[in-house]
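Peer 1: First the structure, then my questions, so here it is.
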Amino acid sequence: MQDRFLKSIAKLPEPLATAIVPLLDKDFAGHIDAQQLAELQAASKMELNELLLALLPIAAALARPPISQFHVGAIAKGKSGDIYMGANIELPGEALFHSVHAEQSAISHAWLSGESIIEDIIVNASPCGHCRQFINELVDGGKVNIHLPDQATAPLSHYLPYAFGPSDLDVTEPLLSKQQQTLTLDSNDPMIIEGLDHAGLSYAPYTKAYASVVLETKDGATYCGRYAENAAFNPSMQPMQMALSTMARHNRDFSEINRAVLIESSKGVISLVGAAMDALHSVAAVELEHIVVEPE
């Protein structure tokens with residue numbers, strides 16, 4: 001079991017703790033599939049909602065909050081039945097807008113894993129306005145059920161009435177819809193090829209700044225992030241932050257980064273290079289490779 005979960009395990013009911021320990025091996029990064037979840041439910045004899053709330057300390061152990069020292073975990077449950085954990089991240093010395101909220105982390109985890117619909121968000125405190133707006137960008141976002149301790153489950157529309165969202169800006173394929181922009185570049189570099197794939201799947205209906213980030217560690221592992229825009233603009237999730245969140249979930253130190261690539265479309269009305277460089281340089285002494293691609 002990874003050391004970062006030692007304190008969290010102590011907070012779980014004993015039957016659940018015993019059942020989940022085998023999952024928390026060196027490769028665990030916050031994903032529990034539907035079959036594993038069913039096995040945890042059977043072993044713990046807990047109702048599903050009770051079980052998901054009980055797992056929040058495990059999600060919170062994924063957090064990296066050097067500024068606030070406040071660990072927040074969230075869980076997104078997809079239509080597949082799989083659950084995806086996420087946690088907050090803060091970048092040392094950088095402005096707070098560089099932070100990743102736990103709900104953003106969990107949703108991006110599900111998105112990167114191929115989920116097309118998120119049905120439930122489980123979190124230990126009421127989602128802030130920023131996160132409510134981010135959830136509202138999803139396919140059927142207003143219908144996403146929010147689960148909180150000691151409160152009745154309610155859809156996002158209860159927490160964000162009279163919401164402003166993608167439909168108000170004539171966007172008919174919101175976040176988690178299948179996106180496929182064709183971005184090509186003649187390259188045999190595996191990192192660039194991976195980045196092109198993710199940039200093509202990014203979500204940027206408002207600026208057309210389709211983009212992705214790929215981070216490589218010294219052992220050759222890669223971690224990706226895609227741009228995820230928001231109708232309210234400010235809650236948009238940057239690809240660098242998503243990639244760093246992915247690294248954190250996989251228990252990798254940012255000091256292990258030895259290469260970083262940002263790929264973005266030439267047709268975007270904005271560029272993400274400045275924001276990506278600031279975020280990267282707060283955690284790693286690595287130059288950002290910036291590649292601008294003509295979309296087909």
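Glycine is treated like the rest: Cβ placed from N, Cα and C.
Just lifted these from Swiss-Prot, have a look:
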ACT_SITE  Glu103  active site, proton donor
BINDING   Asn88, Ile89, Glu90  substrate binding site
BINDING   His101, Cys128, Cys131  Zn(2+) binding site
DOMAIN    47-167  domain 'CMP/dCMP-type deaminase 1'
DOMAIN    186-296  domain 'CMP/dCMP-type deaminase 2'
Peer 1: For the domain 'CMP/dCMP-type deaminase 2' (186-296), what does DSSP give as the number of helix, strand and coil residues?
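Peer 2: When I sort the residues of the domain 'CMP/dCMP-type deaminase 2' (186-296) into the three classes, I find 34 helix, 31 strand, 46 coil.
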Peer 1: Have a look at the binding-site residues Asn88, Ile89, Glu90 and say which one has the shortest Cα distance to His101 (Zn(2+) binding site).
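Peer 2: That would be Asn88, nearest by Cα distance.
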Peer 1: Say you check the Cα of Cys128 (Zn(2+) binding site) against those of the recorded positions Asn88, Ile89, Glu90, Glu103; which is nearest?
Peer 2: Glu103
Peer 1: Find the shortest Cα-Cα separation between Cys131 (Zn(2+) binding site) and the recorded positions Asn88, Ile89, Glu90, Glu103, and name the residue that gives it.
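Peer 2: That would be Glu103, nearest by Cα distance.
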Peer 1: Mean pLDDT over the domain 'CMP/dCMP-type deaminase 1' (47-167): what is the value?
Peer 2: 97
Peer 1: Going by DSSP assignments with H, G and I as helix and E and B as strand, what are the residue counts for the domain 'CMP/dCMP-type deaminase 1' (47-167)?
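Peer 2: With helix first, then strand, then coil, the domain 'CMP/dCMP-type deaminase 1' (47-167) has 43 helix, 26 strand, 52 coil.
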Peer 1: How many Å lie between the Cα of Glu103 (active site, proton donor) and the Cα of Asn88 (substrate binding site)?
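Peer 2: Answer for this pair: 8 Å between alpha carbons.
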Peer 1: Return the residues near Asn88 (substrate binding site) by Cβ distance under 8 Å, restricted to its own chain and a separation of at least 6 in sequence.
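Peer 2: The list for Asn88 (substrate binding site) reads Ala63, Arg64, Pro65, Ser68, Phe70, His71, Val72, Ser99, Val100, His101, Ala102, Ser105, given in order along the sequence.
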Peer 1: Count, for each of the recorded positions Glu90, Glu103, the other C-beta atoms lying within 10 angstroms of its own C-beta, and report the residue with the smallest count.
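Peer 2: Comparing Cβ neighbours within 10 Å for the recorded positions Glu90, Glu103, Glu90 has the fewest.
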Peer 1: Starting from the substrate site formed by Asn88, Ile89, Glu90, give every other residue of that chain whose CB sits within 8 Å of the mean position of their CB atoms, in sequence order.
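Peer 2: Other same-chain residues near the substrate site: Ala63, Arg64, Pro65, Ile67, Ser68, Ala87, Leu91, Ser99, Val100, His101.
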Peer 1: Neighbours of the Zn(2+) site His101, Cys128, Cys131: Cβ within 8 Å of the Cβ centroid, same chain, sequence order.
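Peer 2: In sequence order, the nearby non-listed residues are Ala102, Glu103, Gln104, Pro127, Gly129, His130, Arg132, Phe134.
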Peer 1: Determine the minimum-neighbour residue: among Ile89, Cys128, Cys131, listed as binding-site residues, which Cβ has the fewest other Cβ atoms within 10 angstroms?
Peer 2: Cys128
